[in-house]
Amino acid sequence: MLRAEQERERETERGKGERQRESLWEGTTWEVSSYTEEEEERVQRVRLKSELRRCRMAEGCMMALRYGMVFFNLLFWLGGCGILGVGVWLSVTQGNFATLSSSLPSLSAANLLIAVGTIIMVIGCLGCVGAVKESRPLLLTFFILLLLIFFLEILCIMLFFIYQDEIDHYAQSDLKKGLQLFGTEGNVGLTNAWMIVQTDFRCCGVTNHTDWFEVYNASRVPDSCCLEYSDNCGLYNPGTWWTAPCYERVKDWLNDNLVALWIFALCTALTQILGLVFSMTMFCQSVKVETFYA
């Protein structure tokens with residue numbers, strides 16, 4: 001009897017211990033589950049704050065990018081206006097100034113400045129208005145035009161280096177043909193251009209001072225070929241004439257300033273690349289914003 005009672009008491013105590021452990025386990029499980037929900041809410045709040053922070057940063061970056069685009073294109077447009085104004089002034093006051101080619105009489109300094117200024121003004125206006133209004137069509141048009149100009153510049157540079165000898169030969173022959181128009185009626189621009197080139201570079205003729213002999217059909221050169229300018233100095237005193245060829249003198253001047261020319265070309269290319277990157281970034285961002293709020 002005593003053994004049976006002792007066994008029952010042990011079973012009762014064992015059952016109580018199991019129930020206590022079960023209750024403790026349930027309480028522990030409930031505390032862990034409630035702790036997990038609080039952590040999830042906290043993580044969600046942190047994520048929301050980080051998203052808001054990133055949105056504010058992105059908005060600030062886009063604002064800075066927009067103002068940068070407007071400022072850059074405004075300067076671009078003003079520069080185009082200045083170049084166009086100089087071209088128009090040269091065209092009105094100086095005629096076909098700096099026209100050396102006989103086959104391309106319209107390729108004058110005034111016409112080149114007018115064309116370049118107009119293109120710069122149009123592109124700058126598209127970029128400026130597109131950045132202010134965040135207009136995707138204008139930004140895309142700006143990007144396409146700037147990309148076409150960039151590729152055309154690269155193509156022209158490649159063709160120049162590939163066909164450099166052919167270009168030299170054609171340029172010399174064309175300039176010699178232009179000498180025949182020197183001093184004739186309606187070719188004031190060509191005459192002035194040759195006088196300026198020969199005076200500034202201290203040269204005479206295209207490849208030699210004897211190029212002028214074929215023009216005058218005599219041993220004579222323009223007065224701008226003289227070491228000291230005076231009336232009819234090119235008709236007499238051959239010892240006072242410049243003998244260096246103008247074509248080689250101009251090429252030497254370009255070679256001496258090659259570093260400056262490359263710096264200018266690299267700055268131009270970098271400016272165009274930045275314009276391409278900024279415009280496409282604004283275009284893609286406007287597409288994302290529209291898709292997000294759709």
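Think of each number as a place in line: the chain as shown, counted from 1.
Quick reminder: no glycine exception, Cβ is built from N, Cα and C everywhere.
Keep in mind that this is a model prediction, so the values were computed, not measured.
Look at TrEMBL and you will find 1-24 tagged as compositional bias 'Basic and acidic residues'.
Marked as region 'Disordered' by TrEMBL: 1-28.
The transmembrane segment annotation in TrEMBL covers 70-92 (among others).
The transmembrane segment annotation in TrEMBL covers 112-132 (among others).
Taking Cβ pairs closer than 8 Å, the transmembrane segment (139-163) reaches residues 119, 122-123, 126-127, 130-131, 268-269, 272-273, 275-276, 279-280, 282-283, 286 in its own chain, all 6 or more past its ends. As annotated by TrEMBL, transmembrane segment applies to 139-163 (among others).
Feature annotation from TrEMBL assigns transmembrane segment to 259-278 (among others).
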### Beyond the flanks of the transmembrane segment (259-278) by at least 6 residues, Cβ under 8 Å
65, 68-69, 72-73, 127, 142-143, 146-147, 149-150, 153
